[in-house]
Amino acid sequence: MVNGIVVLLLCGLGLISAHQSRDELQMVYHRLSVLKAVSPRNIDYNNIDTQAIGTDDSQCLADMTELYNGLQSGSYWALKMLDSWGSFPSGLLYGTFYDLGNFDECLNIHEEISSSQTIQGKYCFLAVPLKEVLDTGIESLESMQIKIATCFPASCSATQMKMFGGQLYQNLFNSTKSIDISIDEDGCQTSNSEPWDGLTIFTVVLLSVLTLIVTLSTLYDYFLCNDQKQLPALVKIISARANSRALFGLVVGSSNPNVIDCLHGIRCMSLIWVVFLHEHMYSLISPNINFTYALSWLEKPVSSFFVHGYFSVDSFLFLGGLLVSMTALRTMEKTKGKLNVPMMYVHRIIRILPVLAMAILIYVKLMPVLSGGPLFKSGFHGKEECVKGWYWDLLFVQNYVSKSCLDQSWYLAVDMQLYILSPLLLIALYKWGKKAAAGIIVLVVLLSGCLFATQMVNHYSMSIKNGGGDDEANRKLYLATHTHAAPWLIGFLFGYFLHLNRGKKFQMSRLVVWSGWILSLAMIFTSIFALYPSGKWSAPALPTVEESLYYTLTRLGWPLAMCWVVFACMQGYGSLANSFLSSPLWQPLSRLSYSVFIWHMFVQEVNSRNVRTSTYFSTYTVMLNFWSDFGISLVMSYFLYLIIEAPIGGLDALWRPTGNAKPPAVTQPILTSVVEHKTNADETENQLADTPNRKRIRMVNVVSILLLFELAITIASESSDPDILRNYGYVKKLKPLGLEFTEYFQNVTLERLGVSDSEVPNQKDLQCLTDMAALMNGFSTNQYWALKMIDSWGSIPSGILTGNTFDLGYFDECLSINKVISSTQKISGKYCFLIANSMRIATCFPASCSSTQMDIFVEQLLQKFLNFNSSSLSMKISEASCQTSDGEPWDGLTIFTIVLLSVMGGLVTVFTFYDYFLCKDQDQVPALVKAFSARANSRSLFRIVPSKSNPNVIECLNGIRCMSLIWVIFSHEFIFTLKAPNLNTAELFSWAGEPFASFVVHGYFSVDSFFVLGGLLVSMIALRSMDKSGGKLNPLMMYLHRIIRILPVVAIAILIYTTMMPVVSGGPMFKSGYHGKEYCEKGWFWTLLFVQNYAVLDICLDHTWYLAVDMQLYIISPILLLSIYKWGKKAASGIAVLVVLLSGCLFATQMVNHYSLLIKNTSDDDGVPNKKLYLATHTHAAPWLIGFLFGYFLHLNRGKKFQLSWLAVWSGWILSLAMLFTSIFALYPAAKWTAPPLSTLEESLYYTLTRLAWPMAICWVIFACMQGYGGLANSFLSTPLWQPLSRLSYSVYIWHMFVQEVNSRNVRTNTHFSTYSMMEHFWFDLGFTVLMSYLLYLIIEAPLCGFDSLLRPRGISPVASQPKLISNQNNDLETIKSDDLSVPETKPLENST
């Protein structure tokens, strides 16, 4: 997995970085740099007037002179400055307007020339007007610029660099024409960060003080307060421990009609919708290589969720009005109509304003501190508005007065203004009842009429293709409070209705229920999709009256539909919707929703502007970015919730008359299961729903939209008019590889295709010759398809000296070429990699030409450009990498896999419908239906079991299992990152020497955690069953149930990995499909026999080695169980001796063979050490056996409470933590590349002793948590939130590498390696893995578990059936009955490095 070649590359690049330069490097780099486009290396510096550049700055002149001398002499720092330049981008015709070069390489330049002269790199964008390259005559394109990364000495100003750039450009084109290029000083960056101003220091100090206070309170809570009920109020509201308990506490659904559980789900789904929509906004303004694709994307139905996402705002307004009326009216009933309006406002302001004020500080001042990148010089995009008008945001009037400081804060203004007016409505309703309600209805009608009239009279349009509305239209139709008042008032009236009918059960016929659902769904989907046909660019514009009616009526239709959803769920007619929306799993996110709403755009802006490479826009990539940003937003929101929102909420609670000092997450109105109407109202908005909203007009500019429109028209027309693209010759000169391709084949002959005169050309040669001639003709006449073929070529990549060996060109542009020349000739694009040593450079040529024919061109290219024989530098076209738009036909196995999945999915669908429509009593559902029904299995999967005091219930196992699973996925993320086209591969060298890398390098300890759990559960469950059955054990039935639960899933996984991966994905790196396909074809049966860890070196499905080890240990478990049942402690002693012997075997194997598993020592091994030391069952038996013995210990002492002194408890925790951290970090000093190698003895002792220490430490953690000495660890590991993921862990384990491989190899652009980027990839891979695992769990694993249960003496639900001695068995923990010892398995998570 960690290939020796990769390691050698890292070592080589690292040594180069360490020693600055080598003669060999300079020679090869000089040859390759000749092929690089648009950088000073192609210029004769003697023709550059350096005096003109430096007339105003002698330092700049001196530094430029040193740069020139350094380039002439091949100095490493000068080559790096040149190497970091960008070039004219591939895919210009598809809207690729950026080449970011290599940002970090430029900024890392710090060369001390003398004591008085130090040269640093300065990264800037050289902007070339698009009209200079593509003179299309389209007015909307005139202002567009192509931005190319440059790197100069930091002493030179933008003006001086512009002069140099102008000379470079003129010299390159051999022209005296003045070129209108520009370099903006405001966009330039150096490694010297700007000093912190006073407000930045204040923000950092304030956050530090708040964190310190929370930390001290938490320590006081944890160490000095034994009784949580006696915790001082001030400590309780500040303690992170108390607030975390309140935040993550799950309240199981109640039958109380005043508890509206479904509001959690509605709030969270709306919040997710908002985050997803804002993800689209930031994706649209990223440096995409396919801007024009966005136009066609906007014509797809899925884009309607983005365009009309503002309905998520209406959902929150509806909830706000509903909760205000319900909560306040019930309070007024108790107080006989009294309403303390000032205190309402005070509490509201206390809960909202401080968080908003801190957000303004953090967004404006800390965003530049925490991040940086090529596009990040200016920091937060709204900084200027914040400086000018931050106080309008804090006064909650920014939606009328000015542009918002924080984009999302306009919603807070609307909600606050409506809240301020609410006492008038509440008093009126309480005093005049239904008459006041009728008046509010009239008000709703009047406000709707006002919205309609405003749009009609001013002829406003909010359609994107009409520009999306200007600032004035956006303020009047979207941001104004009165335009959003109708949904809030409808929610308010609905709350009044529920208040009047609280506790009442409405009996409705099936016809009424179905009519309600059909009507509400019709209103929801009509609101989203009604404008889809007219939203197409080719469709005629809607009349103003139709658009006005749409915006007016949907403002009413959406909240009315929400009314029905809430009502139906409350009354028991919600069925599947209610099960989903009312799940207790929504509760933590619901409580955290205000923080997520405030902070999610911080994360999105940082991540979108922190990119080092160009991006690719598609629905799938937006979803990937969403999962990443959403996960990081949750982490950031949780931290800031603990230090800002939770303490403020607690202080607010102290103000209340009752003196309620509960943490804010539990200070809820009793009638709702939500956090309080404050948190409801502070939810979220969708700024991009009306895409070009106010400031959104700046972010997604109308000009940009028009640009996309016009480019799409140009593409669609396939124009060959020379006037349209007459200056494309400039681009040709800047794309030397593509240019030479066309020049070489300008007069193409059979000889140039490698066919000699003595040979008879075959049909393929003639077809290639014909297509090449057509290409040359098309190129010379500026035909669009021919220009696309050259435009999609890559070039020598920027950042070669930092390990960037890929230029992916433009994959989709090449494959989209499909030109019909005549009835007998059709030319398609063929995308291949030109391999130059370790470099991969994208090429595109007619699909009829083979790589052998193109290799002739490569040889000529080498001789012409580099003036040397191709034998000294290996360059060729790789046929194995070539792809065309014609996908390979499905073979029989692929068809079988699709049919099998379809049949399984069909069965699940049929049984689910049967369950849903024909089974009224879930207790009477037939066993077969229950096994296959997605409804039944989903309920079992997501069911939350409250914690119990039963000592046989080991709640913490769920947390240990899930944390180990997460660790495995994160470690595997690193493996796939190694194989990605990183532009900074050399940094992996330095990263591997950082402490954090130890978590990845030694991630195999997660495997040992699973072995401990496996052995523990086998012994505990089996021994308890044997006690009941008088020592009887049925090994055959054990094996049968085990195979039924595991083998079919593995078999289907092999099919899906090998046949479906190319079907569901594709990209430049994806030609061959699953990387282990060849191994599966040769040895799939070894995997199904569970002996692959011994039988073969290359395993089919890498991670199934763990299944083999686990199954082999499971097979021998009956011998151990019978021995320990018969001979008790004597047998346990024998097992302990066996552990020692196996450890000695591991030690001896490593010592005798001098094996090493350190990455820096494994570059030349053949995989044998990994096979013998890591994959072998006997090397992993010790952790399993230790878990087995610990299970026996717990079995003997079940129900017993151990009284331990505080000294014993602390000693246990200190010792266990020492063993855990020593296992992870002990080799950190020796793992550094510069450190001397460890002796074989030292490394052997490490691997032997940690194989014992880790499981013993895990045993202590479990024991302490069971006995009540777990403290914070037990609270974390035993939370019921782990239960669903714990049940799903086997599926997640099986499928996570499928998702990781697809996402890592599906990239269209280079990637950038860093710990943070790995975390981003981890979050989106985890999100997609959970979704995929859930789907395949329903159609594969759950039915198989149900089938297994049917074979048992008494039918047991596959998930719900759990042994009572463990709290939350997932499917990976099989059910054990007294007469049927089907012992649970910990279905693995492995971490193969």
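Every residue, even glycine, has its Cβ placed from backbone N, Cα and C.
Predicted automatically and left uncurated, TrEMBL annotations should be read as such.
Feature annotation from TrEMBL assigns domain 'Nose resistant-to-fluoxetine protein N-terminal' to 57-190, 765-884. Sequence annotations record features per position, and here TrEMBL assigns signal peptide to 1-18. For 199-220, 268-285, 349-370, 410-430, 477-499, 511-532, 552-573, 622-644, 1173-1194, 1206-1231, 1251-1277, 1322-1340 (among others), the entry in TrEMBL reads transmembrane segment.
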What else in the chain is close to the transmembrane segment (410-430), if you only count residues 6 or more beyond its ends and a Cβ gap under 8 Å?
313, 316-317, 320-321, 324-325, 328-329, 332, 337, 339, 341, 344-345, 348, 352, 356, 393, 396-400, 404, 436-437, 439-440, 479, 481, 484-485, 488, 492, 496, 681-685, 687, 694
Look at every Cβ pair spanning the transmembrane segment (622-644) and the transmembrane segment (511-532), keep those 6 or more apart in sequence, and say whether at least 3 of them are under 8 Å.
no
Please report, as numbers and ranges, the same-chain residues at least 6 past the borders of the transmembrane segment (349-370) whose CB is under 8 Å from any CB of it.
193-194, 196-197, 199-200, 202-204, 206-207, 376, 379-380, 382-383, 386-387, 390, 393-394, 405-406, 409, 412, 416, 594-595, 598-599, 602, 605-606, 640, 644-645, 648-649, 651-652, 655, 664, 676, 678-679, 682
Between the transmembrane segment (1173-1194) and the transmembrane segment (1206-1231), are there three or more CB pairs that fall under 8 A, provided the residues in each pair are separated by 6 or more in sequence?
no
In the domain 'Nose resistant-to-fluoxetine protein N-terminal' (57-190), how many residues does DSSP call helix, how many strand, and how many coil?
58 helix, 32 strand, 44 coil
Please spell out the DSSP helix, strand and coil residue counts for the domain 'Nose resistant-to-fluoxetine protein N-terminal' (765-884).
50 helix, 37 strand, 33 coil
Whole-number mean of pLDDT values that fall within the domain 'Nose resistant-to-fluoxetine protein N-terminal' (57-190):
80
